[in-house]
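Noted in TrEMBL for the protein shown:
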type	residues	note
DOMAIN	13-258	domain 'Nodulin-like'
TRANSMEM	106-134	transmembrane segment
TRANSMEM	146-168	transmembrane segment
TRANSMEM	174-193	transmembrane segment
TRANSMEM	214-232	transmembrane segment
TRANSMEM	238-263	transmembrane segment
TRANSMEM	319-347	transmembrane segment
DOMAIN	323-529	domain 'NFD4 C-terminal'
TRANSMEM	353-375	transmembrane segment
TRANSMEM	421-442	transmembrane segment
TRANSMEM	454-479	transmembrane segment
TRANSMEM	499-522	transmembrane segment
Amino acid sequence: MAFQASYKSSAWKWLGFVTAVWVQAISGNNYTFSNYSDALKTLMNLTQLQLNNLSVAKDIGKAFGLLAGLASDFFPSWVLLLIGSIEGVIGYGAQWLVVSERIKPLPYWQMCIFLCLGGNSTTWMNTSILVTCIRNFRRNRGPVSGILKGYVGLSTAIFTDLCAALFSDSPSQFLLMLAIIPFAVCLTAVFFLREVPDSVSASQEKEETRYFTVFNSVAVVVAVYLLAYDFIGSSNQVFSLVFATVLLVLLASPLVVPAYAFLKSWQLGGAETDVERQEPFLRKEIVPAEKEAAAADQIVVAEGEAVVKRKPMIGEDHTIFEALWTLDFWVLFVSFLCGVGTGLAVMNNMAQIGLALGHADVSIFVSMTSIWGFFGRIVSGSASEYYLKKAGTPRPLWNAASQILMAVGYILMALAVPGSLYIGSIVVGICYGVRLAITVPTASELFGLKYYGLIYNILVLNLPLGSLLFSGLLAGYLYDAQATPTPGGGNTCVGSHCYQLVFIIMAIACAVGFGLDVLLAIRTKDFYAKLFSSRKSKKLAATTSEKS
């Protein structure tokens, strides 16, 4: 029966979403470089510039995410997951062999290649997950992006805390985890993650919102649990095993949602209901006056009866070339660069920033950046969706708020006030998380879903580009200029002056990003107002239909 079949389809969709959450919970390995960078620097006798360029090689792997974007238009999600997981085994496996000293340190250029492979592995996973889930949940893109990107943020803390609990922060064991665990999780996801025909009734849409509340609640519990462990620490082996077991149970707990949906589908039967086929979320509502304008934009050649169609408007499906010819795309691209580029510089250099400011162990700062990044992602994803539905608030305004807050955080770290690294890791984590969670649905709303996989990966080019500019060049050169050479060819720097100028320049970059985000919000406010009006009218129509 139609209603029962719809609920079975919904149950499979939620099961796929749970596996997507698991994949995202292990696909943030690109942000864990600080956990083993010191081991690489010591074993290979690297300067800070050379070490930073290794981190850039890792992030350059993201540039090849364009391949994943192209592949998403031709291959099912499970193929992308397999490719990503195999790349991860090769990339992180080679690093593990070096750090564990099972083989001699490889030549520098070979290490760059293996770091690039490890970095590229996540682009296949993320593309598969985001494209599939946003298409499956078109009416809740904010919460979907917030939850999935939130777990990417948490993945750094999950790996870091599990390694601390089970292997006493061993860099070699950490890399072994990065190689094996993502591969195992992706092998599970290939059986359940797939696009499901999007059919939803008004009652199911409300239920969808309740389910997302469950996912948000579980994610918050996981984040708080990890944060508590960071402050309590491991006291003995039994405590560590209990921590790891409870964490795995919490990560498995979202399975209650698809289990409940399957149970409900089996219990339902009998009467059919008004299952309405969901139309594209950004389908253009054209009033008569707009129809005339659209007709005027078309040129008809009588002899060949050819029609040259108008350029797509904001909110309609854009090809990648059509998107690249719009000012809005480049405003979003550059503002994204200012946020994620500077954030990556802090994450990649956290080990050296910590040492410069007098902290021998920086694992807590790596973990805190991850956890607070989660809160930034999950809160901004849900909040932006709420205010979009309630008042038509443009999503880019959330990016603008994150940019100005990030600039303040960098200024505090430049001044090296007491506790500045604690404050900085929290602020950078939150704002970096907001940028990722908001940009994902914003791009899909402005440029459509048809070619979203490729458009998303073009935006993600900001990760290697930002890493090169702010981490490899800016932080690397300025640190080496202040550092003292050490025996064997490396160097070190202690004191607030080591990164002071770096933080000041990054604060200026964030101020530029703030201005660009405000500009984008102004340029798109009419689109978001129409989107708000369209959704409001559909909701009223659905309510009236149910009452009648």
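Each residue, glycine too, has its Cβ placed from N, Cα and C.
Long-range contacts of the transmembrane segment (214-232) within the same chain: residues 17, 21, 143, 146-147, 150-151, 154, 157-158, 161, 165, 243, 246-247, 250-251, 253-254, 256-257, 364, 367-368, 371, 374-375, 378, 382, each at least 6 residues beyond the stretch ends and with a Cβ under 8 Å from a Cβ of the stretch. Beyond the ends of the transmembrane segment (421-442), by six or more residues, the same chain brings 130, 134, 141-142, 144-146, 149-150, 152-153, 332, 336, 339-340, 343, 346-347, 350, 353-354, 357, 359, 365-366, 368-378, 380-381, 384-385, 395-396, 398-399, 401-403, 405-406, 408-410, 412-413, 456, 459 to within a C-beta distance below 8 angstroms of the stretch. Same-chain residues lying 6+ beyond the ends of the transmembrane segment (499-522) with a Cβ under 8 Å from its Cβ atoms: 328, 331-332, 334-339, 341-342, 345, 349, 353, 356, 394, 396-397, 399-400, 403-404, 406-408, 410-411, 413-414, 416, 470, 474-475, 478-479. Long-range contacts of the transmembrane segment (319-347) within the same chain: residues 31, 33-34, 59, 311-312, 353, 366, 369, 396, 399, 402-403, 406, 410, 424-425, 428, 431-432, 435-436, 439, 442-443, 446-447, 451, 454-455, 458-459, 462-463, 465-467, 469-471, 474-475, 502, 506, 509-510, 512-513, 516-517, 519-520, 523-524, each at least 6 residues beyond the stretch ends and with a Cβ under 8 Å from a Cβ of the stretch.
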